[in-house]
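Per Swiss-Prot, these features apply:
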BINDING   HIS570, HIS574, CYS672, HIS676  Zn(2+) binding site
Amino acid sequence: MNAPAKFSTSQIRSDFLAFFEGKGHTIVPSAPLVPGNDPTLLFTNSGMVQFKDVFLGAEKRSYVRAADVQRCLRAGGKHNDLDSVGYTARHHTFFEMLGNWSFGDYFKKDAIAWAWELLTQVWKLPADRLLVTVYHTDEEAFELWRDMIGIPESRIVRIGDNKGAPYASDNFWQMADTGPCGPCTEIFFDHGDHIAGGPPGSPDEDGDRFIEIWNLVFMQFDRQPDGTLVPLPAPCVDTGMGLERLAAILQHVHTNYEIDVFQALIGKASALTGIADLENKSLRVIADHIRACSFLIVDGVLPSNEGRGYVLRRIIRRALRHGWMLGVRQLFFSKMVPTLVELMGEAYPELVVAQETVARALLAEEERFAETLDAGMKIFDDVASRSQEIIPGADAFRLYDTYGFPVDLTADIARERGMRVDMEGFEFAMERQRETARAAGKFGGGVALPADLVATMAPTVFLGYEAQDADALKVVALLKQGRPVDRAEAGDEVIVFTDRTPFYAESGGQVGDSGQLSGTDVSIEVADTQKFAGQFHGHVGRIAEGALKLGDVLSGGIDVQRRGKTILNHSATHLLHAALREVLGTHVQQKGSLVAPDRLRFDFSHFQPITAEELAVIERKVNAEVRTNHSVEVHNMAMQEALDFGAMALFGEKYGERVRVLKMGGYSTELCGGTHVSRTGDIGLFKITSEGGVSSGVRRIEAVTGQGALDYVAEEERRLGEAANLLGGNSTEIVDKVRALTDRQKRLERELESLKAKLASGATADLGASAVDVAGVKVIAVRLEGFDAKALREAMDRLKQQLGDSVIVLAGAAGGKVALVAGVNGGPTGKVKAGELLGHIASQIGGKGGGRPDLAQGGGEDGPALATALQGVPSWVKQHLG
C-alpha cells in the first residue's frame with residue numbers, strides 16, 4: 001500500500017478553503033480570540049462562536065454557506081487545557097479549527113459527501129484507515145455512510161447516550177439545555193494496531209490509536225423546556241476539524257508536536273535555550289505558548305492581573321518558568337516572535353502588522369518576571385522543604401500575591417515534585433482578599449434595593465439626553481438609612497427613585513448628576529445620582545425642607561454648569577482613546593475611566609511608559625480633532641449592527657439588544673450611554689496633566705478640558721514666570737539658567753567630595769597615633785564630626801593600611817543621627833567579627849547594623865550613649881580575643 005501524500009500545514013489550510021470555495025462557500029476571516037459579540041465568553045474556543053447569533057436567529061448574514069480557519073484558545077474558564085499542554089500529544093492552548101457551515105442550505109448528504117471527498121481525494125487518505133461514528137438513532141447519517149459512501153457497517157459505530165441523560169452523548173450536540181441541537185457524526189483516523197487503543201465506544205477508546213479528525217454537527221431540532229425535540233424549519237450544518245491533529249496525520253507523524261510548524265518553533269526554542277533534545281517537554285511548552293501569547297496580543301489583550309490579561313500573564317509566566325527549568329537566565333521568549341511570523345504571517349497578516357507590538361509586550365513581561373522568578377522559586381523551595389505532599393493554600397496565595405506566581409504555575413511546579421497545591425486554602429485566601437476589596441469599594445455602605453421592591457418597579461426613563469429639567473416625576477421608591485420607607489422629613493438623608501428623571505446616574509465612568517428635586521411642600525438637595533440594579537436611577541441627597549412621601553410628584557433640575565463641564569471631559573475621553581490607538585497601537589483598550597466636572601482620568605492597556613514625545617503627539621491629535629469641530633452623531637441600533645458600523649465595545653460593559661453609538665467625524669466611534677457635546681469644538685482645549693502606571697500593563701492619563709485646561713495653562717505660565725524671576729531672567733532663559741545651576745551644583749559636589757577626602761586623610765594621620773594596644777591588636781573607637789558613611793569607609797581603608805592588625809570603629813555624627821563603620825584587619829578576624837561588634841554598639845544607641853566579618857555598617861541616634869558605647873570597645877575586643 002502506498003503511503004499517503006505529505007502536506008505542509010500551510011497547504012492544508014489553503015486546500016481546505018479552496019475546496020469549499022469551489023463548493024459555493026463564502027470564505028470568512030477568522031474572528032479574534034476575544035469574542036466581539038459575547039462578553040460572557042472569555043475566549044473564542046471553537047469555530048462556531050462567530051456564528052452563534054446566526055444559529056440562534058438573532059443575526060442574518062449575506063451568505064448561507066461559509067468556510068473558515070478559526071484561531072481558538074482554551075486556557076481559562078470551562079475550557080482550559082493549560083495544565084496538559086506539553087505533557088500530552090495533542091493538547092494546546094492555541095489551535096486552529098477548520099470549519100464549513102450551512103445556514104439552512106445543504107444538510108447531511110452534501111456535508112458527508114464533501115468531507116469524504118476532501119479527505120480521500122484531495123488529501124489522499126486511505127479509505128480503509130477511516131472510521132466514523134453516528135448518533136445511535138440517526139438512521140439517515142448511518143445510511144449515507146453505508147450506502148452513499150460505501151463504508152462497511154463494521155466501521156460505522158453507533159454511539160448512544162453515554163453521559164447519563166437523554167441526548168447526553170458524544171454524538172449529540174446542544175448549545176444549552178434548550179434551543180438548537182442535533183446529532184453529529186465524527187470521522188476517525190486509525191494510526192494502526194502498533195499503537196494502543198480501541199475504536200470509539202469501546203472500553204479502550206481513550207487510547208491513541210483512533211484519533212478524531214472531523215466532527216460534523218447537524219442542527220435539526222429545537223429542544224423545548226420539557227426536553228422534547230421539535231424539528232427546525234431550516235436545519236444547519238456546523239463542522240470542525242483541528243488543523244494540528246490533521247497535519248500530524250497528513251505528515252505521517254503521531255503527535256502534534258512533530259508537525260512542521262511545531263518542529264520549527266521547537267527548533268528555535270532549542271537554539272535559544274541550548275537544549276538539543278527536541279522532545280524535551282519544556283521546549284514543547286515554549287513552542288505552544290508563543291502561539292497563544294502572540295495571537296492574544298494581536299487581538300488586543302495585554303498582561304494584567306485580571307480577566308483575559310491575567311490568563312495571558314499565566315501563559316507567559318508558565319513558558320518563562322520552563323525556560324528557567326532548562327537553566328536559561330537570559331531573556332529568550334520574545335525572540336521566538338520572528339520565527340512565528342515567518343510560519344503563520346501569511347495566513348494571518350494581522351500578526352505581521354503587530355509583530356513589533358507583540359515582541360515589545362512579551363519582552364516587557366519577561367523583564368518584569370525575571371526580577372521575581374528567582375526570589376519566588378526560593379520561597380517555593382522553602383515551602384516545599386517544610387511540606388510533605390501538599391503546598392499550603394496560604395503559601396500558594398503568597399506566591400501569587402507577592403511574586404506574581406499564578407496558582408497553576410505553582411501547581412505545575414508542585415506536580416513535578418510529586419506534590420499538589422491545597423486549592424481550597426488558596427481560594428479561601430483569594431476570596432478573603434476579594435471581600436476586602438469589595439467592602440472597600442461599596443457605595444453607601446452597600447445600599448441595595450430589596451428584591452421584592454425591584455419586582456414592583458419599572459426601569460427609570462432617562463430624559464437627560466434632551467432635557468436638563470423635567471416636571472411630573474413620580475416618587476416610586478424611597479430609601480432612608482438604606483431601608484425602604486413611605487415617608488421622610490426635613491434633614492433626612494435619602495435616596496429618591498422617580499419613574500422618570502433628567503439626572504444622569506453614574507455609569508461608564510461618568511459621575512452622576514447633582515441638582516435639586518422639589519414639590520409643593522418639599523425641597524431635596526441632590527448631591528449625586530447612582531444606578532441601582534443596573535436600571536433604576538437613585539437620587540442621593542438630603543431633604544432641605546418639608547416632607548416627602550411615596551407617590552409625590554416632583555420637578556427636577558440638574559446642576560447645568562456641573563453637567564456642562566462633565567460632558568466636555570466625557571467627549572474628550574473618546575477622542576483620547578482614538579488618539580492612543582493611533583499613536584501607540586490598536587492593542588490599546590480602555591480599562592477604566594473617571595469623567596468628572598474638573599478632570600478626566602483614562603486607564604488603558606499598554607506595556608510601557610509613554611514618552612514625552614508620544615504624549616505631545618497624542619495631545620496634538622486630540623486638539624486637532626477638537627478644532628475640526630466634528631458634529632457628534634448619536635445612533636441607536638442593534639448590537640451587531642453597531643459592531644458592523646465600526647463601533648468599539650468594551651469588555652466588561654453590559655450592553656442590551658439595542659445600543660447607543662457615539663460617532664465623532666471619522667475619528668471615533670464607540671458604544672456609549674453617557675452625555676456628550678454636540679460638536680467636538682465645544683471641548684475648546686484638551687491638556688494632559690499627568691501620565692503614569694496603575695498596574696502591570698495598565699497606564700493612566702489625566703487631563704483637563706475647556707476652561708479647566710485654560711486655567712491649567714495659565715497656572716503653568718505663572719509658575720514658569722515665578723521660576724524665571726527666581727533665576728534672574730525671563731521664561732525663555734529658564735532652561736539655560738537651570739542647566740548652568742545644575743552644572744555648578746555638580747562641580748561643587750565634586751569639590752566637596754575632594755575636601756572630605758582630604759579631611760579624612762588628615763584625620764586618619766592623627767587617629768593612628770591614638771590607637772590603643774589590646775593584646776597586640778591596635779584598637780580605635782572614635783567619633784568624627786561631619787563624616788558621612790562614604791567618608792567613614794575611606795577613613796577606615798586608610799587606617800587599615802596604616803595600622804596592620806587592628807579593630808576600628810568610626811562614628812560619623814550629623815543632624816542628630818550617627819553613621820557607624822566597624823572594621824577588623826589581619827590577625828583578629830578569626831576571633832573578632834565586625835558585624836557582631838557593630839551590632840553591639842548600635843544596640844546601645846537605638847540603631848541597628850551588620851555586615852561581613854571584616855567590615856560592617858549601621859547607624860543610630862546621636863546622644864550621650866554614643867560616647868559610652870565607643871569607650872567600651874577596647875574591653876569588648878579584649879574579651880573576644882580571649
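Cβ atoms are placed via backbone N, Cα and C, with glycine included.
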Just how many other Cβ atoms lie inside 10 Å of the Cβ on HIS676 (Zn(2+) binding site)?
23
Let's check the environment of CYS672 (Zn(2+) binding site): how many other CB atoms sit within 10 Å of its CB?
24
Using a 10 Å radius around its CB, how many other CB atoms surround HIS574 (Zn(2+) binding site)?
26
Apart from HIS570, HIS574, CYS672, HIS676, which residues in this chain have a Cβ no more than 8 Å from the mean position of the Cβ atoms of those residues at the Zn(2+) site?
ILE567, SER571, THR573, VAL632, LEU662, GLU670, GLY674, THR675
DSSP three-state assignment (helix, strand or coil) for CYS672 (Zn(2+) binding site):
coil
Note down the number of other Cβ atoms within 10 Å of the Cβ of HIS570 (Zn(2+) binding site), including every protein chain shown.
25
According to DSSP, folded down to helix, strand and coil, what is HIS570 (Zn(2+) binding site)?
helix
